[in-house]
Amino acid sequence: MSKEIAKKRIEELRDLLNTFNYQYHVLDNPSVSDAEYDRNMQELIKLEAENPEFMSEDSPSIRVGGTVLDIFEKVTHKSPMLSLGNAFNEGDLRDFDRRVRQGIDDANVRYICELKIDGLAVSLHYEKGRFIQGATRGDGVTGEDITQNLKTIKAIPLRLNEEVTLEARGEAYMPKRSFVKLNEEKEQNGEDVFANPRNAAAGSIRQLDPKIAAKRNLSMFVYGLANVEEKTIPSHSESLDYLGELGFKTNPNRRTCETIEEVIAYVEEWQEKRPHLDYEIDGIVIKVDDVALQESLGTTAKSPRWAIAYKFPAEEVVTRLTGIELSVGRTGVVTPTAELEPVRVAGTIVRRASLHNEDLIREKDIRIGDYVVVKKAGDIIPEVINVIFDKRTGGEEEYHMPTHCPACESELVRLEEEVALRCINPTCPAQIREGLIHFVSRNAMNIDGLGERVITQLFDADYIRTFADLYSLTKEQLLQLERFGEKSATNLVQAIENSKENSLERLLFGLGIRHVGAKAARTFAEHFETMDALVKATEEELKAINEIGEKMAQSVVAYFDNEDVLELLQQFKEYGVNMTYKGIKIADLQNVESYFAGKTVVLTGKLEVMGRSEAKKKIEALGGKVTGSVSKSTDLVVAGEAAGSKLAQAEKHNVEVWNEERFLQELNK
């Protein structure tokens with residue numbers, strides 16, 4: 001076969017297989033048998049192997065899985081992947097409707113309701129119609145690059161029907177039938193099964209070997225358009241229609257509703273229909289449909305004001321409590337946990353449930369051997385609601401909390417105004433281990449590859465006892481641990497080294513100072529700028545900071561008034577751990593008189609000197625708001641190269657337009 005004929009046949013096969021994929025995985029209407037599909041795929045794979053110069057990144061053959069990865073790279077989202085506020089009953093939905101109408105002066109509101117798929121949120125980036133990158137949601141700001149695994153999902157188009165640059169967001173999931181089949185295979189192989197389809201989807205997508213993901217038969221529904229160049233779409237429902245036209249799989253069960261009564265009826269309808277779907281849903285997402293109204297309502301730090309997620313009611317089941325286990329947290333709190341006969345609840349096999357504290361056990365008269373009601377909703381930890389007293393036989397055992405710590409044998413105490421028993425031994429191994437797990441966690445030092453399992457191994461091997469010990473770990477030590485090879489050990493040492501460059505707020509949160517959460521840690525870091533300045537702060541100086549109360553101030557002062565802590569900080573310095581704040585000082589910028597304060601700005605086209613993401617951050621730091629489309633409420637359009645249709649929209653609405661040079665002049669004043 002000549003090169004010219006081979007190239008033509010390769011292109012024919014790609015078009016044919018892309019059509020077959022779309023019909024089967026998006027339209028759910030296959031036109032050929034599996035055998036015919038496989039025959040065409042094998043022919044394509046063979047021709048591409050014989051003619052590697054014709055290989056393409058968007059070939060359907062890529063979906064069988066590519067090269068094994070060493071690590072998932074971090075990806076910063078162009079715009080945050082915000083979580084949604086929750087509604088749990090009809091009253092919550094009506095409150096949401098009232099807030100929306102108040103926020104837009106009772107303008108006519110149309111809602112769009114969609115099924116809330118219980119999977120893994122991901123973003124998909126396309127340039128000129130080609131899929132170039134996919135990422136997990138992560139913490140909403142930073143996710144992980146899972147491009148190669150997403151390419152194995154046949155519901156995700158590798159090439160769109162238009163040469164458009166955009167970001168789509170959606171939910172990757174595992175169909176129920178695929179989940180059942182996968183667990184059957186795992187059981188036959190003597191492997192641990194997945195608890196639910198969501199965990200199976202997440203575990204499959206985060207495999208370093210894309211071939212594993214390719215075998216798992218994952219799918220995806222796209223639910224939103226986050227960034228699209230040169231196109232203004234006035235409503236969310238129209239954006240979903242547009243995504244469908246481009247070749248994405250969108251959920252067909254969405255509905256627009258003119259009133260909150262229609263929304264409630266939709267929720268009730270799908271609560272009944274839910275079991276008949278071949279994928280898990282855990283609620284309904286309700287959004288204001290009009291994009292201009294969405295922009296008018298805006299967002300809070302965590303979630304948009306124009307959307308809410310209705311969560312289906314918690315599921316309750318009865319099972320037998322077979323024992324009570326104690327755990328010691330990083331602050332010394334001793335928590336009892338019920339051990340249960342395994343039972344399926346809310347799509348998950350549950351073997352343990354929270355008992356909270358000793359008072360709850362006494363109040364509910366919970367005994368070992370009791371039949372109890374267990375409740376679970378979504379990701380919430382299962383809890384024991386009450387005892388079925390009618391099922392008691394007289395053989396049940398009363399439970400009494402111990403007087404000494406199960407980890408270190410120190411006497412337990414109950415501090416004033418607390419219900420929990422607490423171990424106050426600073427050398428308690430359980431507290432130290434839990435503290436280390438917290439220190440490396442995502443919102444703290446965020447050390448990739450250092451999870452609970454590895455921390456436990458390092459702790460048991462006596463390689464680490466303090467936070468600073470992490471920075472003395474060597475590759476040779478890691479190679480002594482189970483499941484560590486040359487690459488994984490090298491990657492972890494590098495990840496630990498990279499964490500030295502974190503901004504101060506991450507280190508502060510990681511230290512686990514009592515009462516200091518992630519938000520307070522950022523407040524302290526921004527206010528004092530250096531660890532040394534914070535260490536010297538008095539209780540009065542701390543309380544003078546907005547939102548810092550007496551308990552937190554006292555806790556911070558007490559923490560740093562400790563020789564062991566000061567020694568730890570000195571060790572951090574010696575290892576080169578950054579202890580200064582690297583973020584934007586929003587408080588300072590808000591005091592600067594700025595043109596952007598209170599203004600609504602649209603960025604369009606390519607900015608040469610700084611990216612649009614950086615420009616957005618600077619405008620927001622100076623009190624402005626950046627939106628994605630031009631409307632009559634827009635104050636300014638900043639137009640870079642190839643600005644396109646937004647210039648026409650600016651002219652239509654009589655909005656001022658700046659080029660990049662003028663924009664930079666204003667920023668640098």
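Even glycines carry a Cβ here, placed using N, Cα and C.
Swiss-Prot annotations:
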- ASP34, ALA35, GLU36, TYR37, ASP38, SER83, LEU84, GLU114, ARG137, GLU171, LYS287, LYS311: NAD(+) binding site (BINDING)
- LYS116: active site, N6-AMP-lysine intermediate (ACT_SITE)
- CYS405, CYS408, CYS423, CYS428: Zn(2+) binding site (BINDING)
- 591-669: domain 'BRCT' (DOMAIN)
Please list residues from the chain of ARG137 (NAD(+) binding site) whose Cβ is under 8 angstroms from its Cβ, counting only those at least six apart in sequence. MET81, LEU120, ALA121, VAL122, SER123, GLY143
According to DSSP, which of helix, strand or coil covers ASP38 (NAD(+) binding site)? helix
If we check Cα distances from GLU36 (NAD(+) binding site), which of the recorded positions LYS116, CYS408, CYS423 wins as closest? LYS116
Secondary structure content, the domain 'BRCT' (591-669) (per DSSP, counts of residues): 26 helix, 18 strand, 35 coil
In sequence order, which residues at least six apart in the same chain have a CB under 8 Å from the CB of CYS405 (Zn(2+) binding site)? VAL328, VAL334, GLU411, LEU412, CYS423, ASN425, CYS428, ALA430
So if I draw a 10 Å sphere around the Cβ of ASP38 (NAD(+) binding site), how many other Cβ atoms end up inside it? 11
Cβ-Cβ under 8 Å from LYS287 (NAD(+) binding site), same chain, 6 or more residues apart: which ones? TYR111, ILE112, GLU114, HIS236, GLN294, TRP306, ALA307
In the structure shown, which of the binding-site residues CYS423, CYS428 has the fewest Cβ neighbours within 10 Å? CYS428
Excluding CYS405, CYS408, CYS423, CYS428, which residues of the same chain place their Cβ within 8 Å of the centroid of the Cβ atoms of the recorded Zn(2+) site? VAL328, GLY332, PRO406, ALA407, GLU409, SER410, LEU412, ASN425, PRO429, ALA430, GLN431
Hey, how far is CYS408 (Zn(2+) binding site) from ASP38 (NAD(+) binding site), Cα to Cα, in Å? 61
In the chain carrying the residue listed as 'active site, N6-AMP-lysine intermediate', residues 6 or more apart in sequence that have Cβ under 8 angstroms from it: ILE281, ASP282, GLY283, ILE284, VAL285, ALA309, TYR310
Taken over the domain 'BRCT' (591-669), the model's mean pLDDT: 80
Specify the count of other C-beta atoms within 10 Å of the C-beta of LEU84 (NAD(+) binding site). 18
Mind giving me a neighbour count for GLU36 (NAD(+) binding site)? Other Cβ atoms within 10 Å of its Cβ, every protein chain shown. 13
